[in-house]
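Remarks on the structure that follows.
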Amino acid sequence: MTAGSGVLLVLLSLSGALRAHNGDVTARETCKAGFSEEDYTALISENILEGERLLKVTFSSCLGTKGTWYETNSLDFKVEADGTVFATRELRIPSEQVAFTVTAWDRQTAERWDAVVRLLVAQPSFAHSTHKKGKQSAALDASQPPSDMLLPWPQHRNANGLRRQKRDWVIPPINVPENSRGPFPQQLVRIRSDKDNDIPIRYSITGVGADQPPMEVFSIDSMSGRMYVTRPMDREERASYHLRAHAVDMNGNKVENPIDLYIYVIDMNDNRPEFINQVYNGSVDEGSKPGTYVMTVTANDADDSTTANGMVRYRIVTQTPQSPSQNMFTINSETGDIVTVAAGLDREKVQQYTVIIQATDMEGNLNYGLSNTATAIITVTDVNDNPPEFTASTYAGEVPENQVEVVVANLTVMDRDQPHSPNWNAFYRIISGDPSGHFSIRTDPVTNEGMVTVVKAVDYELNRAFMLTVMVSNQAPLASGIQMSFQSTAGVTISVMDINEAPYFPSNHKLIRLEEGVPTGTALTTFSAVDPDRFMQQAVRYSKLSDPANWLHINATNGQITTAAVLDRESLYIRNNVYEATFLAADNGIPPASGTGTLQIYLIDINDNAPELLPKEAQICEKPSLNAINITAADADVDPNIGPYVFELPFVPAAVRRNWTITRLNGDYAQLSLRILYLEAGVYDVPITVTDSGNPPLSNTSIIKVKVCPCDENGDCTTVGAVVAAGLGTSAIVAILICIVILLTMVLLFVVWMKRREKERHTKQLLIDPEDDVRDNILKYDEEGGGEEDQDYDLSQLQQPETMEHVLSKAPGVRRVDERPVGAEPQYPVRPVVPHPGDIGDFINEGLRAADNDPTAPPYDSLLVFDYEGSGSTAGSVSSLNSSSSGDQDYDYLNDWGPRFKKLADMYGGGEED
């Protein structure tokens with residue numbers, strides 16, 4: 001080497017542990033999809049032609065290259081189907097190298113694999129060559145460094161020997177095994193520049209693991225260039241490191257360009273497979289065929305999945321119970337899918353299996369791999385493979401006739417399927433023996449029994465027994481290949497019990513027609529009842545239940561109905577010409593039963609009612625030319641025994657035909673008018689004879705009261721005329737008017753007097769009535785005067801003072817509360833039992849204020865007079881209460897009166913004296 005040239009040398013010093021590891025690992029011929037190398041390197045010229053092939057990448061998919069597709073992340077380079085990398089256009093590489101990623105992906109599985117391609121620009125004298133990982137393809141002459149020395153820059157021979165080029169080589173990655181036991185620091189490589197022969201050089205490294213977190217994983221001797229790893233590596237924590245090596249002189253000047261160092265942590269099998277769940281739950285139908293999928297278990301290994309360390313394989317360790325076979329299930333060793341491998345799954349025998357699954361890495365090698373276990377609980381689900389079967393071939397029951405919603409028999413079945421599931425729930429149906437639909441079978445949801453229920457009443461006289469054929473099935477259909485059992489059909493015998501039924505009337509309601517007015521005792525019809533109990537010898541007796549007019553009688557033995565009175569169609573008991581009566585028919589059974597029947601009698605009208613004149617009263621003007629009276633008739637009968645009517649005036653008295661005349665309007669109406677030119681005002685009784693059109697016809701003479709009065713020009717009666725017509729004179733009318741005026745005046749005076757009294761009551765002072773209000777007034781005083789026994793006072797003078805001038809001379813509103821009121825004493829409203837404390841305070845303050853401001857108040861040492869409590873008090877004098885100081889009085893009972901009397905009990909009680 002010449003002195004002016006410098007080459008940075010990298011010395012690889014793998015630890016003994018790595019060499020031992022690589023030597024111990026046994027090579028295995030396993031198919032693993034992926035690129036043959038992680039990084040591909042090729043030397044190229046600075047100028048590249050379009051379509052020029054640069055290198056070839058090798059990819060293995062275990063299935064050939066038919067389904068593999070290549071792509072790159074660069075628009076300038078593409079990859080052919082055989083892995084050849086070519087340029088898509090003419091290029092000139094401006095930099096020292098070009099790097100891009102080649103991706104291979106499987107069209108079927110959509111898996112992807114990546115590899116890095118680095119193209120290094122070389123001198124034209126160099127041929128294009130490829131470099132694989134960890135190998136150098138350019139041949140060097142004898143002047144090169146030893147074979148374990150990597151030159152970071154390509155060397156060219158010339159007349160002066162080797163000289164350094166500006167374009168770098170790619171340093172192959174450095175592999176470091178994880179979990180190395182040391183000792184640490186452990187040397188990895190040595191970095192050296194050939195310029196250190198001329199000048200001292202200092203070496204350093206930068207990047208993650210050196211001067212970036214995690215810090216100081218790697219270190220370098222600045223003088224010798226030896227790089228060390230300072231602690232054990234963990235691939236699961238970080239799988240690779242990218243560092244840069246620097247060479248500077250003692251002044252910090254760059255001597256060589258920085259080089260990239262890639263450090264890969266070699267995976268060791270230091271992690272067991274871990275199941276995602278410790279317990280897996282799956283299910284499979286009973287009777288499933290071999291190969292039926294059950295469930296999938298999954299275990300993950302933190303080791304490198306591209307190596308055997310992370311390749312997990314599954315196997316079944318144990319199966320509990322081992323019935324009907326010890327190998328009922330198998331598991332796919334790679335996917336973890338559990339499937340059935342044997343037939344004979346029967347939920348009625350084994351409802352659940354517990355399977356222990358083992359996951360082992362190292363591709364399942366139990367000698368070298370690490371293992372872990374999980375539990376798979378497989379539930380055998382029920383299918384309807386057991387038809388329901390009756391526990392007996394025949395059942396029996398009985399039912400009383402004429403009853404519904406009665407359970408007559410309980411049908412029990414046995415079903416070995418899952419209780420309370422559609423495969424177990426029973427469904428009953430009657431297939432024969434009940435054409436009229438008298439019975440229905442309902443399922444008890446708890447016991448699954450069939451309850452034969454009467455839904456339509458049965459009749460003993462028609463059917464004494466029923467023979468039913470019943471079939472039972474499940475809510476869910478039977479599984480494929482399962483046939484119904486002959487025990488799924490049973491017979492049910494139901495006996496009908498005869499009970500005493502009530503007699504009934506065949507024709508109910510029974511209608512008969514006859515004329516009204518038939519005489520008493522006439523036989524109308526026979527209303528007989530029928531006893532449905534043909535097999536019982538019973539007698540039926542009849543009685544009336546409802547006969548509103550009491551017109552009918554029924555024979556108790558044969559039911560013949562006769563009239564007990566004359567039937568009248570115009571009676572109030574008739575509705576639409578029909579009379580209704582209800583009769584009772586009772587037998588003598590045990591217990592007796594009875595039925596009712598209704599008889600309707602349609603009464604045909606006869607002409608038995610004479611017509612009545614309408615109206616009964618009318619008025620007419622005294623002159624005949626002004627108006628007339630319209631008259632008609634009312635008849636209680638019906639057609640043809642009513643109109644047309646004939647209206648006539650009788651011949652007696654003769655004045656009727658002389659003063660009045662009747663003009664026929666139609667068959668039902670006529671007009672009554674004056675025959676003479678003038679008739680004096682008054683009330684006239686006019687007899688009129690009315691004849692109907694019945695056969696024979698009936699007539700009736702009725703009186704109509706006609707008021708004749710003077711009329712105005714419109715033909716209406718005047719007021720005076722109406723009064724005159726009513727028979728009242730002028731004096732009577734005047735008297736009535738005067739009475740009305742007097743009555744109104746008295747009412748007015750009474751109202752005025754009431755309002756005045758109300759006003760006076762509000763203007764009076766609100767004083768306490770001494771007879772009604774006996775409240776004590778509190779007076780302010782300082783000293784008490786002598787007792788009534790010590791001073792001779794005339795209390796009557798104090799209670800009723802004769803001199804009242806000082807009271808009357810007071811200003812309004814100022815009064816001693818201990819003085820008797822002067823003048824009228826108004827009634828106080830009743831106060832509540834417990835007054836508001838504010839009211840009491842105001843009352844006391846008012847009394848104190850009146851006493852303090854009263855100039856006529858007596859001195860303090862004089863007799864004080866208490867409030868006047870009204871005359872005739874039943875209370876005696878206070879002096880009647882005798883005082884005794886003899887000490888023989890027992891006051892211990894005060895202790896029993898509560899806390900209010902505690903003070904008195906302490907003062908007068910019988911406590912011990914000190």
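For all residues, glycine too, the Cβ spot is worked out from N, Cα and C.
Unlike curated records, TrEMBL annotations are generated automatically.
What TrEMBL records for 1-20 is signal peptide.
Marked as region 'Disordered' by TrEMBL: 130-151.
The feature domain 'Cadherin' is assigned by TrEMBL to 168-275 (among others).
According to TrEMBL, the feature domain 'Cadherin' maps to 276-390 (among others).
Taken from TrEMBL, the feature domain 'Cadherin' covers 391-505 (among others).
Confidence across the domain 'Cadherin' (506-613), taken as the mean pLDDT and rounded to a whole number, stands at 88. Positions annotated as domain 'Cadherin' by TrEMBL: 506-613 (among others).
Residues or ranges marked as domain 'Cadherin' in TrEMBL: 612-720 (among others).
Here TrEMBL flags 732-754 as transmembrane segment.
As a summary of secondary structure, the domain 'Cadherin' (168-275) carries 4 helix, 53 strand, 51 coil according to DSSP. For the domain 'Cadherin' (506-613), the number of residues in each DSSP class (helix H, G, I; strand E, B; coil) is 0 helix, 49 strand, 59 coil. Secondary structure of the domain 'Cadherin' (276-390), assigned with DSSP and counted as helix (H, G, I), strand (E, B) and coil, comes to 6 helix, 50 strand, 59 coil.
Mapped onto DSSP classes, the domain 'Cadherin' (391-505) shows 3 helix, 51 strand, 61 coil.
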